[in-house]
Structures are given as C-alpha cells and as structure tokens.
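Chemist: Dropping the structure in here first, questions after.
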Amino acid sequence: GWYMGTEIGVRDFCDYQRYNILEEVGRRMGLETHKLSSLWKDQALVTINVAVTYSFQKNKVIITDHHSAAESFMKHLETEFPPARRLPADWDWLVPPMSGSLTPIFHQEMVNYILSPFFYYQPDPWMTHVWRNGEMCLKKQQISFKAVARAALFSSTLMSRVLANRVRCTVLYATETGKSQTLAQRLNSMLNCAFNSRLLCMEDYNFSDMEQESLLVVVMSTFGNGGSPGNGESFKKQLFSLQYLRNKSRYCVFGLGSRMYPQFCAFAHAVDAKLEELGAERVTPTGEGDELNGQEEAFSAWALTALKDAYKEFKIQGQLSLQLPGAERFCEAWDPLRHRVAVESCPQDRITALSAIHSKAVLPMKLKSKHNLQSPQSSRSTILVELERERSPEVMDFAPGDHVGVFPGNLPQLVAGILKFLPQTPPTNQCLRLGYRSDTFRVMRKTGRLLDASQHSLCLRHSPTSWTLP
C-alpha cells in the first residue's frame, strides 16, 4: 500500500516518470554516477529508502518496510489457505520493487487468473447511465470507415511530401549487448526531427545503398580483440573490400567499448579510417564511450556536437533545440533562462570541491623535483616527477602501475597580478555554484559542480587544465 516504504522511496522518488531523484542523490553522496559497474544506483536507492522509513518513524507515522510486508504475506498464505487450495495472486504487484530475491515472496509461485462472476474496475457512470431526459444523453458521432481512410491517406500524403524534401540519413548500429542499439534509437529519434532518418542493423543494411547516402551515422561497439560484433561482420567485409565511392557522402562514427581492453573502440576507428580513405567526408570527429567512465555522458555530448555539425553542413536552420536527457549540462552557450550562478552558502575548500566533482580522493601535494631520464640527444622524453605531500589526514592508497591525475594550480603572485586588471572582481573567498534548468523538471537544479572558490580559484587556479594563460 501507500504506507510501505518502497512505494514512496522507490516508486515515487526514483521512478523516471515521477520525481526521479536517484542520480541527484547519488551525486550528493559522492558516488561514481558515470559508471554503472560501481552499483551507485543500488547504494543511492537503499539510502533513500532508509531516509523515508526514518522520517516516518521520527514523526510517529506508521509505515512498514518491504521485508516485513513480504514475510507477513507469506505467513498469511500458510495460515489462511490449505495446500490443496490456492487463490489467484499477481506476482508483479506483490513482489517489492527492491531487494528482489532477498524477500521470500520473490520465490513464491503464483497463478494469476480471474474467477467469474467478477467485478472489474468500475466504468465511467455517465457512459452506462440511462438518462430520463433523452436530450442529456451523450450522442456518439458516427464516422464512416471511408472518412477515416481518407483522413489517414491525406495525413500520410502530407508526411511523405515533408520527408521527401528532407535530407536522407541512415543510422547503423552493431551490438552484442544491445547498448549500441539503444543509443542508436535515441539518436535516430532526434535526427527524425530534421532529417529523413531510418534506423538499421548492419546485417540488415543493403550495401548497394551506400552510394546514395547523404548522411551515414554509425554507432557500434568493439567485440573481442578489436573486432566487430556478430551482426556487423557482413558490413565489415563489404566495407573493407570496397575500393572507392562514386558519391562522396558525409558520415560520423561513435564507438563504445571499455578501456579495460587494449583495443578500445578499435572497430569504430577502423570504420572511420576506411570511410575517410574511400573519400567520404567526416562531419564530426569520432566519439568514444567508455563503459567504465561516463559512457552516457560522452554519447550525449557527442550527439549534440554531431547534430550541430550536421545542421551546419546541410544548412538546416530554424530547427528545434534538440537535446538528449541530461544533455543541458553540456550546453556551451549561456542562457539566463536556463542557467544561473548562485553564492554557495556552505563553501568548500578546493580539495573537497575537486573530490566531489570527480568522485575520487584528491590529495594536496607540491612539486618537489622533476628530471628527464633520457639523454639530451634522445628523441624520447621520460620525466621523473617527485611530489611532496602536504599535511592531510587522508591515507594514500596506491599500487605500482596506477595512473595519477593532476589538477595544477597557479602561483598566488600570478593570480593576484591578473586579478587587478579585472573589473568588479568578487571577494577571493567567495564560492559560487552553477545551476541549470532541466527540460524535464521546470526548476533550477544544481550541477554538483562547485565553481571552486571564487574568481580567484575558478578562473586562475584551475584554468591551466583547460587553456594556457598568456
């Protein structure tokens, strides 16, 4: 019922069609929301449900958890019904929306059937009521099948004319797990708003259509040792056996893979190189999505860039602002109606802010020394960097071969020298936070990205990671 914790904590708060706060909670908890294998969804979900149960109990409102409800139902089955007699039960409705096989009801076999006579959901009374006054009753308008057929034909004719004037586009995908297909379907829906786009699997693609393509978009994963998925083998053989293209079409490629393997996105780069060799024109640089590091975010950013480049290439203007879910965070243009900067009430120091942004432990260090281990005559460069750790309660845990990420900072003297040339500079100890308004929720949401410490830190302390100061 309504007062079972999971109905509120899972369904109401975490369903995509409802409040959908799961990712926001995960970011505030400092979880790696860009990597599904970190199981951040499960951790955030449990935390939300614990908070819901605690808030009800704190205010002395009765609520039950899903484990207690499941055990209570199993006890009800044992005591009320003998073994030879069973009543209908709907497994989908009775099993809680979290914990799965940890609840005993998950393993209970059920049969869902209807015993007659049976009262279904009550129909609308005004549809079945017998009106005493005939003028008040609802009169159904009779529409002939011929009229419906004419309307459908007219609509399809108009749509065909609109699509005929659009640029043809084909979205191809090759996948083993279905991830590439999901992303390709999402991209195809966006392209259909401005192009005459179609979605095909590589094995279903008629390769003779390659000469007539205006825009070819390829979304694929890499399988095995840099090879193609099973449904992309035929396309790969035909493409790499091709010598030239008479029609120099445009194309763009997005590859999916995992950096755990040495041949990361090798198939995508091979297809990109072959199309370029055949003379096709690349619309946007090849994108890469790492399964272990923000694959969805990488695809969203690449898709927006590809759409903008395609619009510019084919001179398409006046189109709607198309975005993927959550892609408003990748928008480069400042929109006062969508973005705002607010003063952070609880300022964070620079190390804490960087740790929260990247969901990793960041330790303050100073550069002690650096030496080039190669000889001056060598064309190679191997630099030994020694870092001196500052005082910090954090324990440094590492293993040989680990990679190191560095967030360099500028000298305070350089920062102060540049700040004096900027008009109306805010206090150097002021923290700002960027907020954006989502298309799904018409409210300002925090990005989780603290504009660390003012103009002093934001513009000058962190700027070397993005560009070079004069």
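Keep in mind that glycine also has a Cβ here, set from the backbone N, Cα and C atoms.
If you look up Swiss-Prot, you'll see W2, Y3, E7 marked as L-arginine binding site, on the strength of similarity to another entry. If you look up Swiss-Prot, you'll see R11, W93, F106 marked as (6R)-L-erythro-5,6,7,8-tetrahydrobiopterin binding site. Residues or ranges marked as heme b binding site in Swiss-Prot: Y121. Look at Swiss-Prot and you will find T175, E176, T177, K179, S180, S221, T222, S258, C265, E291, Q295 tagged as FMN binding site. According to Swiss-Prot, the NADP(+) binding site annotation covers R380, T440, on the basis of similarity to another entry. According to Swiss-Prot, the feature FAD binding site maps to H403, an assignment based on similarity to another entry. Swiss-Prot lists 169-307 with the feature domain 'Flavodoxin-like', giving sequence analysis as the kind of evidence. Marked as region 'Calmodulin-binding' by Swiss-Prot: 145-165.
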Chemist: Using a 10 Å radius around each Cβ and counting other Cβ atoms from all shown chains, which of the binding-site residues W93, F106 yields the largest count?
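Modeler: Compared across W93, F106, the most Cβ atoms within 10 Å surround F106.
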Chemist: Which of the listed binding-site residues (T175, T177, Q295) has the least company, meaning the fewest other Cβ atoms within 10 Å of its Cβ?
Modeler: T177
Chemist: For the recorded FMN site formed by T175, E176, T177, K179, S180, S221, T222, S258, C265, E291, Q295, name the remaining residues of the chain with Cβ within 8 Å of the site's Cβ center, in chain order.
Modeler: M220, F223, L256, G257, G289
Chemist: Count the residues of the region 'Calmodulin-binding' (145-165) that DSSP assigns to helix (H, G, I), to strand (E, B) and to coil, and report the three numbers in that order.
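Modeler: The composition, in the requested order, is 20 helix, 0 strand, 1 coil.
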Chemist: Are there residues of the same chain, six or more positions away from Y3 (L-arginine binding site), whose CB falls under 8 angstroms from its CB, and which are they?
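Modeler: Within the chain, Y3 (L-arginine binding site) has Cβ neighbours under 8 Å at F56, V61, I62, I63, T64.
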Chemist: Taking only same-chain residues 6+ apart in sequence, whose CB is under 8 Å from that of H403 (FAD binding site), what do you get?
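Modeler: The list for H403 (FAD binding site) is empty, so the answer is none.
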Chemist: Where T222 (FMN binding site) and W93 ((6R)-L-erythro-5,6,7,8-tetrahydrobiopterin binding site) are concerned, what is their Cα separation in Å, rounded?
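Modeler: With distance taken Cα to Cα, W93 ((6R)-L-erythro-5,6,7,8-tetrahydrobiopterin binding site) is 39 Å from T222 (FMN binding site).
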Chemist: Between Q295 (FMN binding site) and R380 (NADP(+) binding site), how many Å separate their Cα atoms?
Modeler: 33
Chemist: Please report the distance from the Cα of F106 ((6R)-L-erythro-5,6,7,8-tetrahydrobiopterin binding site) to the Cα of T175 (FMN binding site), rounded to the nearest angstrom.
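Modeler: Rounded to the nearest whole number, the Cα-Cα distance is 32 Å.
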Chemist: Can you tell me how many other Cβ atoms are located within 10 Å of the Cβ belonging to E7 (L-arginine binding site)?
Modeler: 18
Chemist: What are the non-local neighbours of R11 ((6R)-L-erythro-5,6,7,8-tetrahydrobiopterin binding site), defined as same-chain residues 6+ apart in sequence with CB under 8 A from its CB?
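Modeler: Non-local contacts for R11 ((6R)-L-erythro-5,6,7,8-tetrahydrobiopterin binding site): R18, P97.
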Chemist: Taking the Cα atoms as reference points, how far is S180 (FMN binding site) from W93 ((6R)-L-erythro-5,6,7,8-tetrahydrobiopterin binding site) in Å?
Modeler: 32
Chemist: Which of these binding-site residues is closest to T175 (FMN binding site) if you go by CA atoms: E7, W93, Y121, R380?
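Modeler: Closest candidate to T175 (FMN binding site), judged by Cα separation, is W93.
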